[in-house]
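Some notes on the structure that comes next.
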Amino acid sequence: MPVEELSIGESKGRQIFLHPWGLLQNQKTAHSQVFYPCPLSLLDQVVSYAPFTLFPSLVTSALLEQAYAVQMDFNLLVDAVSQNAAFLEQTLSSTIKRDNFTAHLFDIHKQVLKEGVAQTVFLGLNRSDYMFQRNADGSAALKQIEINTISASFGGLASRTPAVHRHVLNVLGKTKEAAKILSNNPSKGLAMGIAKAWELYGSANARVLLIAQEKERNIFDQRAIENELLARNIHVIRRKFEDVSEKGSLDQDRRLFMDGQEVAVVYFRDGYMPGHYSLQNWEARLLLERSCAVKCPDVATQLAGTKKVQQELSRSGMLEVLLPGQPEAVARLRATFAGLYSLDMGEEGDQAITEAIAAPNCFVLKPQREGGGNNLYGEEMVQALERLKDSEERASYILMEKIEPEPFENCLLRPGSPARVAQCISELGIFGVYVRQGKTLVMNKHVGHLLRTKAIEHADGGVAAGVAVLDNPYPV
């Protein structure tokens, strides 16, 4: 999608860009008046809009359909991994020796198994993320970046963005194009999964406990799901880990109570990074995991979303073991896998490190972290591998083939910054929901999508990290 700057001068403080969707005027001298209804200093203390693209970005329909088609397979796979204690222990055995965060989660997992799992209903709200690999013949292929099994965000805001791009295209007189913007309401689907788990828990007066951070910038994304639940007469209480430690309790049946209210579902929007935990917070997480409340996710499902598990799933024959008798699902899953390589001590890990140092632009070094901005690329990756190659610490990372999408141009809008036309790449996420009661799968659905776009100068980082912006796919 070429964008050309027209040489018309800037005497009136305007810059005009030609874009396939139409003309964009950037009011440089009146920027704060265009984007903000109040002074910037006040916005820092009150509210700001989420960054977004001015125009929807082109996505091949076949790739979008492929991503949707495989999501229910990924739901099944995550659920299968979470139930396979032997697989988790074997897969993470080297990682937990050097990664304290994963080790803490795994310790809680072992304690819960030893005591006996109290919960009988299991809920997964996942988001599988992809980029579009540019092939030598000019075609594109769908390749998975990661799967998020805890705090998979932006379902709420993604439900709002179609209206933005429909409006922009309608203003430009592109009414037929505006009508092709896909309807998308992940927040409704995610709430549907929580509601089903709440219903199966079986207590009409029980609450949904949302574990949130104290200073939550992404609160409106969460509120969209809360509001969907409230429309079903299901009430949500927001608390921090510290609140659970101080006021949470279990009764003799391991029912969870918070401020005297019974909790049916615990929905984590915190707890996916080491910095989210103090000793007190780890104790609170253990209390929650020991309860019979439905955890989203339970600790086993969070472990199923680690990078090390992702790498092990790519090994030949592993999917067949975890999803026996499902060759079509296995084929759909495997078609999305990029190259993934273990860095465990031994010949296999040594070879992977040698190849990555020799061709640093072909690989990404990934730790067991969520939240964006954690991966290492290029020379920074080489320096890390040189430092790690003789240390067991390297087992806390994996190597992944670097995906190289075809860049395109779009206009990025961020609070406090001028509108900017940039060379961009996108990442597509598909939201999936599953609910299991005992061994019976009660629900397995895909419930919407998320497109995030960033300028190509940024190697890593999502919307929360201040790099990517919200977008919509325009199917072609």
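Note that Cβ sites are derived from N, Cα and C of the backbone, with glycine treated the same way.
The substrate binding site annotation in TrEMBL covers Arg127, 150-153, 216-218, Gln222, 269-272, 463-464. Here TrEMBL flags Glu146, Asn148, Glu370 as Mg(2+) binding site. The ATP binding site annotation in TrEMBL covers Glu146, Lys307, 366-375, Tyr377, 400-403, Glu427, Arg452, Lys454, Asp460. According to TrEMBL, the domain 'Glutathione synthase substrate-binding' annotation covers 207-304.
Ranked by Cα separation from Arg217 (substrate binding site), the binding-site residues Glu146, Pro367, Tyr377, Arg452 are led by Arg452. The Cβ neighbour count for Tyr272 (substrate binding site), using a 10 Å radius and every protein chain shown, is 22.
If you draw a 10 Å sphere around the CB of Arg127 (substrate binding site), it holds 27 other CB atoms from the protein chains shown. The binding-site residues under consideration are Arg217, Lys402, Arg452. Their Cβ neighbour counts within 10 Å are lowest for Arg217. Using Cα positions, the member of the binding-site residues Glu146, Asn148, Ser153, Gln222, Tyr272 nearest to Lys402 (ATP binding site) is identified as Glu146. Put simply, of the binding-site residues Pro367, Glu370, Tyr377, Arg452, the one whose Cα is nearest the Cα of Asp270 (substrate binding site) is Glu370.
Proximity to Asn148 (Mg(2+) binding site), defined by a C-alpha to C-alpha distance within 10 angstroms, is shown by the following binding-site residues from Arg127, Pro367, Tyr377: Arg127. In terms of Cα distance, none of the binding-site residues chosen from Tyr272, Arg452, Ala464 sits within 10 Å of Glu146 (Mg(2+) binding site). For the domain 'Glutathione synthase substrate-binding' (207-304), residue counts in helix, strand and coil come to 41 helix, 26 strand, 31 coil, using DSSP.
The separation of Arg452 (ATP binding site) from Gln222 (substrate binding site), Cα to Cα, is 18 Å. Of Pro367, Tyr377, Arg452, all annotated as binding-site residues, the residue with the shortest Cα distance to Arg127 (substrate binding site) is Arg452. For Ser151 (substrate binding site), the spatially nearest entry among the binding-site residues Pro367, Glu370, Arg452 is Glu370, judged by CA separation. The Cβ neighbour count for Gln222 (substrate binding site), using a 10 Å radius and every protein chain shown, is 22.
Taking Arg452 (ATP binding site) as the reference point, none of the binding-site residues Ser153, Tyr272, Glu370 has a C-alpha atom within 10 Å of its C-alpha. Spatially close to Glu370 (Mg(2+) binding site) yet at least six residues away along the chain are Asn148, Ile150, Ser151, Tyr272, Met273, Gly305, judged by Cβ distances under 8 angstroms.
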